[in-house]
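Have a look at the structure below before the remarks.
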Number of protein chains: 2
Amino acid sequence: MIDRLTEGRFQPEQTLLGPGDDAAVVAAPDGRVVATVDTLVEGVHFRLDWSAPEQVGQKAVAANLSDVAAMGAVPTALLLSLACPGTTSTEVLDGLASGVWDAAADAGIGVVGGDTVSSDTIVVSITALGSLEGREAVTRSGARAGDVVAVCGKLGWSAAGMAVLRRGFRSPVAMVAAHRTPRPPWRAGPVAARAGATSMIDTSDGLLADLGHVARASRVHIDLSSRLVPVADKLRDVASALGGDPLTWALTGGEDHALAATFPSEDAVPSDWVVCGEVRSGAGVTVDADRWGGAGDPGWRHWR
Amino acid sequence: MIDRLTEGRFQPEQTLLGPGDDAAVVAAPDGRVVATVDTLVEGVHFRLDWSAPEQVGQKAVAANLSDVAAMGAVPTALLLSLACPGTTSTEVLDGLASGVWDAAADAGIGVVGGDTVSSDTIVVSITALGSLEGREAVTRSGARAGDVVAVCGKLGWSAAGMAVLRRGFRSPVAMVAAHRTPRPPWRAGPVAARAGATSMIDTSDGLLADLGHVARASRVHIDLSSRLVPVADKLRDVASALGGDPLTWALTGGEDHALAATFPSEDAVPSDWVVCGEVRSGAGVTVDADRWGGAGDPGWRHWR
């Protein structure tokens, strides 16, 4: 099966040894490698009645590319571990694998290794490797009082897409696609690093929750301005149709895989990024200097 | 949970950035990184009534270290993805994680990242990274007619241990331990590479099946000598008690994670390795110039 899945697939220059041996060999030109793993489970992170197998594969890759980007790195390779029941159809298997490979090829990288095992549930686990291209990693702990907070990518779209799917609708297509196959702005990660980003994170848990990680790691207070947080017109339209709150989706919806970062000044913020808050002394995350919603955990919960 | 699992754990020098950020950063001193992933599924690769959680963690690491070793590389870091039901006890979770961490620390490496997700079945997926220390990778495709075949590590012990457990016994302890927590001779991989090994593989599927992979990739014929294949006295004892065949276990038992390699001559074979066959022109794998057993696939099947 592995032969069938890997045959004729794209492998770029940095894949020094691809699939088919005990392990792969990937170039790590600056003597360091960025590595992260992300796992999607059927029934928890995806449903095959909501998403085509290709879309699940693409989504798994998106989450990983976003994590690599959030370090300021460019992706260099993926490894894929695919656990699934023996009864899984060839269509589903090939679809999952194709989704992973296509998304990898879009990012200019290859799937260099992996394994397929038998399991009661489909579990797609992807490891992404990346290169910092000689730069320091942009961590969660570098935000300083006086920095500005900026975001890049769509906020709340995945949550809106899920709300649409939950009602049994299939449109607006753009929202549903943002949920099924988020396209994280992973090229913006290295751009932000070059521009001097002091901290960066992937918004997988929702903007407030993820900035909470940055605030904690950096020992700072982050205050967002509700009028500056980008809320797309389409998001407002869907919210109004479904009775949701677009700002809540943008602030707390997960799985967007947008990027949030801090920069020393507004002048340093690259185009494509939107300034929406500032870093102060203190702790925690607020919106317009107030705690958001007043409820406990602002973070995202997967739908199960 | 991740904080609790990672706190106070060993991280060596090559872990440039450990757990807690979007991704880890690991040194890759020669500008390349070896990468491999291996996944164990409850009920397929392990049973928690046969193995303690710590042992499952250790076994998952062993399989990965062996894959890295089979390239002639030394391990540098692990990433752990742990999928398990919400009902999994803290003891099982902590045990699994401890098994992984302890085995990593034994190998001088750290668990630099990972994730924990909810799933119906326990799925332990580990990615191992490694360094070739400036050498070329030892692949499966370098065996040449005239080379000798040698093995390092225990052969058939895991199969014997499983046979013991299947009968409801718990001893001989050494055999059961070889099944529950194989200790692959991973330090022997880089030693073989330095000694000029022309090909190498980890015997996860059983010696004959794995040498079949080498024969295919190298387009050669491999002939083993039954009187040279190392069959330990303890293996004979268990076989005689249970009515098994020790040579069959040594040739076809899987999950030993021993190493098999080819060398240009007997003189090149490092100590700790046992010469047990030769490489000829042709195709396939034979024992004493005959096809083993005559049956179809000589390979290992997991017990389900």
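Easy rule for this one: first residue shown is 1, then count along the chain.
Glycine is no exception: its Cβ is also placed from the backbone N, Cα and C atoms.
TrEMBL names A:D22, A:D67 as Mg(2+) 3 ligands; from the candidate set A:D147, A:D202, A:D205, the record adds A:D202 to that same site. Ranking the binding-site residues A:D22, A:H45, A:D115 by the distance of their Cα atoms from the Cα of A:R140 (ATP binding site) places A:H45 first. Cα to Cα, A:T36 (Mg(2+) 4 binding site) and A:S204 (ATP binding site) are separated by 14 Å. Listed binding-site residues: A:D22, A:D38, A:D67, A:D115, A:D205. The one with the lowest count of other Cβ atoms within 10 Å of its Cβ is A:D115.
Residue pair A:H45 (substrate binding site) / A:D115 (Mg(2+) 1 binding site) shows a Cα separation of 20 Å. Applying an under-8 Å Cβ distance to chain B, the binding-site residues A:T36, A:G114, A:D205 reduce to A:T36, A:G114. A:D202 (Mg(2+) 3 binding site) counts 29 other C-beta atoms within 10 Å of its own C-beta, drawing on all protein chains shown. In this structure, the C-alpha atom of A:D67 (Mg(2+) 4 binding site) lies 12 angstrom from that of A:D205 (Mg(2+) 5 binding site).
A:S204 (ATP binding site) has a Cβ environment of 23 other Cβ atoms inside 10 Å.
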